[in-house]
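Chemist: Please find one structure pasted underneath; my questions will follow.
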Amino acid sequence: MSEVEEEKRKGGQRGNKKNGGDKKKPAMSKKKEKELQRQTEKRNAVMATFNKFYEEEWGAERWPKLLEALKKPVRHCMMMNKYANVEDVKLKLKDSLSDLTMLDFVSIPCYASKSHSRFPQPSKDRNNITDYYILDAGSVLATEALDIQPDDQILDICAAPGGKTLSVLQRLDKKYGRLTSNEIASDRRRRLRQVIESYIPPDVVEESSTVVGKDGTRYYGEPEQYDKVLLDAPCSSERHLLHDEKEFELWSPKRSIVNANRQLSILKAAVHSVRVGGVVLYATCSISSLENDKVIEKMIKKGKIPIEPVKMKLMIGERTKYGVFIAPDKTDGWGPLYFSLVRRTGVDKEYVPEDDDDEEEEDDA
Ligand SMILES: C[S@@+](CC[C@H](N)C(=O)[O-])C[C@H]1O[C@@H](n2cnc3c(N)ncnc32)[C@H](O)[C@@H]1O
C-alpha cells in the first residue's frame, strides 16, 4: 500500500471514528494529500533510476540481495579502547557477555552482538577515558590493511568523526609514532577533537596526535612526509541514503561522477604527501565502482606520481580489480566498504613546491 493510500485509509478510519470516536485527528487536507503524492512519485522515480543504475553495475541476480542487505539497519561492533581500564569494562559488560562474540578478522579487540542487539552506550572509566567506540567492523578492517607499525608517521586525510583515527592511535607508540588527523568541516573537526580527547590519555595526545583543518583536495603542504596515508573519502554512502528519505530524493547518477572527481583530487594529494615506498589506503563506503576501483585506475593510469596496487591479506571481503569490497549481503551485515592499498613508487617529475604562504591552512585549535 502506498503512503498516500495508507494516509487515506487512516483518514477514512478517523472519519469512521468521528461518528463515535477520535475527533482530534482530522482527515488529511487536499494540500497535504497532494504533497504526499508528489513525494511518493518523486521517491519512486528516484528508486527506479537507482535500481537501474546499480543493477547494471551488480547484475540482476546480485543487486536485489545487496539492496535488501543495505536496507537493513547498519551493523556495528564495539572496538575496545586499550587505554580504558579493563576491570571497569568487564564489570560494565558482565550481563552482556553471553551475547558478545570477538571478531576474528581484526587484531584490535572488537566485539559483535550475536543477536544483533544494541550495545550499552560507551562510558567513562575511573580515569575519565571512554571505554569503547561503536563502528562498522569494516572500518577497523580497513585500518588493519595499513599494517601500522608503532613508529609510523601517518596522515588521516578525511578523519571526522574519528573511528579510523582512533583505531590508528590504538596501534601507535606514543614516543615514536605520530598521527595527523585532517578534517575540512569545522563542526566535524570539533567532534573529531572531542573523540580523540575522550578516548586517548592527554600525554599520548600531546606526543602523538595532531588535528588540522585543510582542504584534502589541496593537501600539498607536506610532500613526502608520511609513511602511510589513510584516505577515507567522502562518497555517495548509498546505505545511508536508503535510510534517509529526504537525502535519497536528492540522489542521481551524477552524484557518483561528482564524488569520483573529488575523490581523485584527494587521492592525488594523499599520494603527494606519502614518501616514496610508503602506502596510501583509499576507502569509501560507496557501492559504485566509479568511486572505487575506477578512482584507483585513473590514478594509476593518469596520475603524475607513480603508484602500484598492493595485495592485501584479509579474512573477509571480495576481491575487486584493485582492492577489496566488504558487502553486507556476503559478510553477515558488515559494510559496505571498499578499500584499496597503493604504494608510491617514484617522484613527481613535474612537481614545483608551492610557496608556504599559498597553503590553505585553517586550524581552529
Ligand atoms: C567518510 S567521512 C570520514 C570518516 C572517518 N574516517 C571515520 O572513520 O570516522 C569523510 C570525511 O571527509 C570530510 N571531507 C570532505 N571533503 C573533504 C576535503 N576536501 N578535505 C578534507 N576532508 C574532507 C567530510 O567532512 C567527512 O568528515
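Please read every residue number as a count from 1 along the shown chain.
Any Cβ shown, glycine's included, is placed from N, Cα and C.
Automatic prediction, not curation, is the source of TrEMBL annotations.
Note that the structure is predicted; figures quoted are calculated from it, not measured.
Heads up, here are the entries from TrEMBL:
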COMPBIAS  1-10  compositional bias 'Basic and acidic residues'
REGION    1-42  region 'Disordered'
COMPBIAS  19-42  compositional bias 'Basic and acidic residues'
BINDING   Cys158, Ala159, Ala160, Pro161, Gly162, Gly163, Lys164, Glu183, Asp215, Asp232  S-adenosyl-L-methionine binding site
ACT_SITE  Cys285  active site, nucleophile
Chemist: In this structure, which of the binding-site residues Ala160, Asp215 has the fewest other Cβ atoms within 10 Å of its Cβ?
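Modeler: Among the binding-site residues Ala160, Asp215, the lowest count of other Cβ atoms within 10 Å belongs to Asp215.
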Chemist: For Asp215 (S-adenosyl-L-methionine binding site) and Cys285 (active site, nucleophile), determine the Cα separation and express it in whole Å.
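Modeler: Rounded to a whole number, the Cα-Cα distance is 20 Å.
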Chemist: Can you give me the Cα-Cα distance between Ala160 (S-adenosyl-L-methionine binding site) and Cys285 (active site, nucleophile) in Å, rounded to a whole number?
Modeler: 14
Chemist: Between the Cα atoms of Cys158 (S-adenosyl-L-methionine binding site) and the residue listed as 'active site, nucleophile', find the distance and write it as a whole number of Å.
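Modeler: Here the two Cα atoms lie 13 Å apart.
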Chemist: Would you mind listing, in sequence order, the residues at least six apart from Gly162 (S-adenosyl-L-methionine binding site) in the same chain with a Cβ closer than 8 Å to its Cβ?
Modeler: Ser181, Arg191, Leu192, Val195, Ile196
Chemist: Secondary structure at Lys164 (S-adenosyl-L-methionine binding site) (DSSP, helix/strand/coil)?
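Modeler: Going by the DSSP assignment, Lys164 (S-adenosyl-L-methionine binding site) falls within a helical segment, counted as helix.
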Chemist: Non-local Cβ contacts of the residue listed as 'active site, nucleophile' (under 8 Å, 6 or more apart, same chain)?
Modeler: Asp136, Gly138, Cys235, Ser237, Arg239, His240, Gly335, Pro336, Leu337, Tyr338
Chemist: Counting across all protein chains shown, how many other Cβ atoms sit within 10 Å of the Cβ of Cys158 (S-adenosyl-L-methionine binding site)?
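Modeler: The answer is 24 other Cβ atoms.
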Chemist: If you skip the near sequence neighbours and keep only those at least six away, which residues in the chain come within under 8 angstroms of Lys164 (S-adenosyl-L-methionine binding site), Cβ to Cβ?
Modeler: Ser139, Ala142, Thr143, Asp156, Leu230, Asp232
Chemist: Let me make sure I understand the span of the S-adenosyl-L-methionine site: among Cys158, Ala159, Ala160, Pro161, Gly162, Gly163, Lys164, Glu183, Asp215, Asp232, what is the greatest distance between any two Cα atoms, in Å?
Modeler: 20
